[in-house]
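S.K.: Here it is, the structure, as structure tokens.
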Amino acid sequence: MQETIERQGDIVPVPASAKEGTSCTLEQYNEMYARSVDDPDGFWMEQAERLDWIEKPTKVTDWSFDPVNIKWFTDGKLNICANALDRHVAAGKGDTVALIFEPDSPDTPDRKITYAALLADVIKMANTLKKMGVKKGDRVTIYMPMIPEGAVAMLACARIGAVHSVVFGGFSPDAIAGRIEDCKSDYVICADEGLRGSKRVPLKGNVDEALKKVSVKSVLVVQHTGGNVNMTEGRDHWYHEYSEGVDTECAPEAMNAEDPLFILYTSGSTGSPKGVVHTTGGYAVWTETTFRYTFDYRPGEVYWCTADIGWVTGHSYIVYGPLQAGATALMFEGVPNYPDHDRFWAVCDKHKVNIFYTAPTAIRALMREGDAHVKKHDLSSLRLLGTVGEPINPEAWRWYYEHVGHNNCPIVDTWWQTETGGHMITTLPGAHAMKPGSAGKPFFGVCPQLVDNDGAVLEGATEGNLCITRSWPGQARTVYGDHDRFVQTYFANYRGKYFTGDGCRRDEDDYYWITGRVDDVINVSGHRMGTAEVESALVLHELVAESAVVGFPHDIKGQGIYCYVTLNAGVEPDDELAKALRNWVRTEIGPIASPDHIQFTPGLPKTRSGKIMRRILRKIAENDFGSLGDTSTLADPSLVDGLIEGRLNR
Ligand code: WT7
């Protein structure tokens, strides 16, 4: 295999520096991968042994994809917060820095929080939650900026066995309300305000708006900016007041491996976002193991993942993965372009970051600003780079490798999903040569399979729909309150297999290349967006009769949002209305769902049976209308010319 690789032009060998002292060479990878599939019980028990178990599991694998019933380490008991904190403090690492907090403004002092201090903070929050009435199994909604208290809130829930549901701070009041309602959450933890590029985000204000639609028992408010907020008597409590005098001890709750740890809402091709449920034991083992091997973490190193804790990347690779591995993780409140486009590099330089993990969209945006911003800073501390969220185009990959990684940092292009809990396909830094644009090889225990639309298995170098044939410890177990939806969404297309929703190519070296979603989900700046969600937001507007939303290639965002809108009879379209509709979607869902284009049309292209022909709409949005394919089944083929004429992406 190695031979084929060397013959290829577009392949970047493992840098010599990445081989030195690596936790996993190619030989080790091959051996460990083989063992992980031949003897999953033995392999995963060994990985699990790095964690502290209150009761060691006797059962390791315990799952079926038909019928769908997924369990791992079934009879084990543990607490993930104790594994992230207490374990390290007990091992004498209390003085090791757990979190470095870099605030929005470079003029605000940073904070370094040791494992011992973080444990004390988490205990205080945990006891405060108990005082508020939170019990094991209760759902707690967290709506926080990127400040250490966000991580503290998550870990405090985990400590007492409450199930957290983190809602990204960029989501709208409606989105918060929907999520609170769906998981019947009686408690909210938020901050007064967040800061992003010196702008204030009214977090508590948004919670207040949301709570006009749904009600909760209590809201715990962390003071961050000191901005003015309204407090509702009896319902809202300031954290710094309410936590006064709580106990300084709080024993971690003994959780069954299969007790839920968190719910995280994610978009799909139909309906409202699904509350994906992750449980405790398998997720703990998966995030610790993937963090350790993918980033080849070495004690003393500073690791920085630029994601937000509101996404799964933040859950697994800011909080649970790095902390369980005893790493020093940087948490950044701000944005890449404030105060200037060099902020990421300034922060890498300031904190001597060794491992840097970000999204292709950020790389593309910063690349566009020119190399001078990078050159200004000493990035020699960087040893390893990572990307996540969407396919990376080889041009951006090369720029990242050359300018940020000074031509000797391996890049791990990690493919995974909210539902997978952690990395699934990625090269390992000391083991695998890299191919720019390819995620690479399956992680231990991951069995990818490509199938055609009828489910026939495709062998060898080929392209198809990406399925995973066996369970892995970090796999989501269900959709909150709707197990049938879980089964239908992931296991019904290809019975007995987990279907990822992604298209994928496998090359002659068995490297995997993710080609993007094959369902009605689009990927905007690494964030998953259901086109159906945007459509339902649009039709809620009183002047809109119907809409169809598709993605189109976007230089920076990966994909942009293109909306076709039909107005109610008699309503005249104009630019003002397009602007109003754009704002409407922003307030209904959040700024990440802002449409790039809104094209008005007297009707949508439908088959005679009434099905919208999205293929045609996608082509027109891509500005590729030369080959629309067969349009003869359309009820009104004449619509198409008008759509082409009025196209907005030229
Ligand atoms: C979808 C999952 C995984 C955390 C962030 C997004 C796309 C993710 C890659 C990658 C190509 C990728 C896929 C996937 N995706 N990482 N390295 N290369 N595509 O999590 O919101 O659950 O989205 O993101 O399409 O299905 P998510």
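Note: Cβ is positioned from N, Cα and C throughout, glycine not excepted.
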S.K.: Can you pick which of N228, N230, N337 TrEMBL lists for the same CoA site as R196, G197, S198, K199, T313, S525, R586?
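M.R.: CoA site check in TrEMBL: besides R196, G197, S198, K199, T313, S525, R586, the record includes N337 out of N228, N230, N337.
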S.K.: Which one, R383, R398, R495, R517, is listed by TrEMBL in the same ATP site as G389, E390, P391, D413, T414, W415, W416, Q417, T418, D502, R528?
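M.R.: For ATP, TrEMBL names G389, E390, P391, D413, T414, W415, W416, Q417, T418, D502, R528; of R383, R398, R495, R517, the listed one is R517.
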S.K.: In whole Å, note down how far the CA of G389 (ATP binding site) lies from the CA of S525 (CoA binding site).
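M.R.: The Cα atom of S525 (CoA binding site) is 8 Å away from the Cα atom of G389 (ATP binding site).
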S.K.: Measure from the CA atom of P391 (ATP binding site) to the CA atom of T313 (CoA binding site) and give the result in Å, rounded to a whole number.
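M.R.: Distance (Cα to Cα, whole Å): 15 Å.
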S.K.: Closest of the recorded positions to S198 (CoA binding site), Cα to Cα, picking from G389, W416, V539, H541, K611?
M.R.: G389
S.K.: Nearest to T418 (ATP binding site) by Cα distance: which of the binding-site residues R196, K199, V544 is it?
M.R.: R196
S.K.: DSSP on the domain 'AMP-binding enzyme C-terminal' (533-611): how many residues come out helix, how many strand, how many coil?
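M.R.: The composition, in the requested order, is 24 helix, 27 strand, 28 coil.
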S.K.: Would you mind pulling the longest C-alpha to C-alpha span across G389, E390, P391, D413, T414, W415, W416, Q417, T418, D502, R517, R528, which the record has binding ATP, in angstrom?
M.R.: 18
S.K.: Specify the nearest of the recorded positions H541, V544, R586, K611 to G389 (ATP binding site), where nearness means the distance between Cα atoms.
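M.R.: The smallest Cα gap between G389 (ATP binding site) and any of the recorded positions is with R586.
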S.K.: Taking Cα atoms as reference points, rank the recorded positions V539, H541, V544, K611 by distance from R517 (ATP binding site) and give the first.
M.R.: K611
